[in-house]
Amino acid sequence: MLWRRAALAGTRLVWSRSGSAGWLDRAAGAAATAASGMESNTSSSLENLETAPVNQIQETISDNCVVIFSKTSCSYCTMAKKLFRDMNVNYKVVELDLLEYGNQFQDALYKMTGGRTVPRIFVNGTFIGGATDTHRLHKEGKLLPLVHQCYLKKSKRKEFQ
């Protein structure tokens, strides 16, 4: 398990245009540093290995207005993705069961949200719940305003760049 964490720490989750996920080396320098023994503290190295999935999740959430952490065989996940498709809202999906390190991501999501079930849905950087919670927000008329709020923020950021 430790070798998996070490491999995870040196990589970054990326998505292709087709929507598939894969791992990309974060930096060759990280591997060189570890190989040369320049790690100053074993406990801080282990701490970094523990936080790598959390950091990658947070980066994904901050880069996208809607993120659905899902599993391909989950009917609730399918229901949540359909809701956003029907609303004509772009979303980023991370299929945990297709990732080599999906269990570590699910553990990190548990630490962040208090639950291991999927889907885990984030809108505008905030965890809103699972499929049932998302449908409830939609029926109450609160979901679309959250999504629009995010798109407005992102468009304003682009104006000032």
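Glycine too: its Cβ is placed from the backbone N, Cα and C atoms.
The disulfide entry in Swiss-Prot for Cys74 points, among Cys65, Cys77, to Cys77. Summary for the binding-site residues Cys65, Cys150: the Cβ-based neighbour count within 10 Å is maximal at Cys65. In the domain 'Glutaredoxin' (54-154), the DSSP tally of helix, strand and coil residues is 58 helix, 17 strand, 26 coil.
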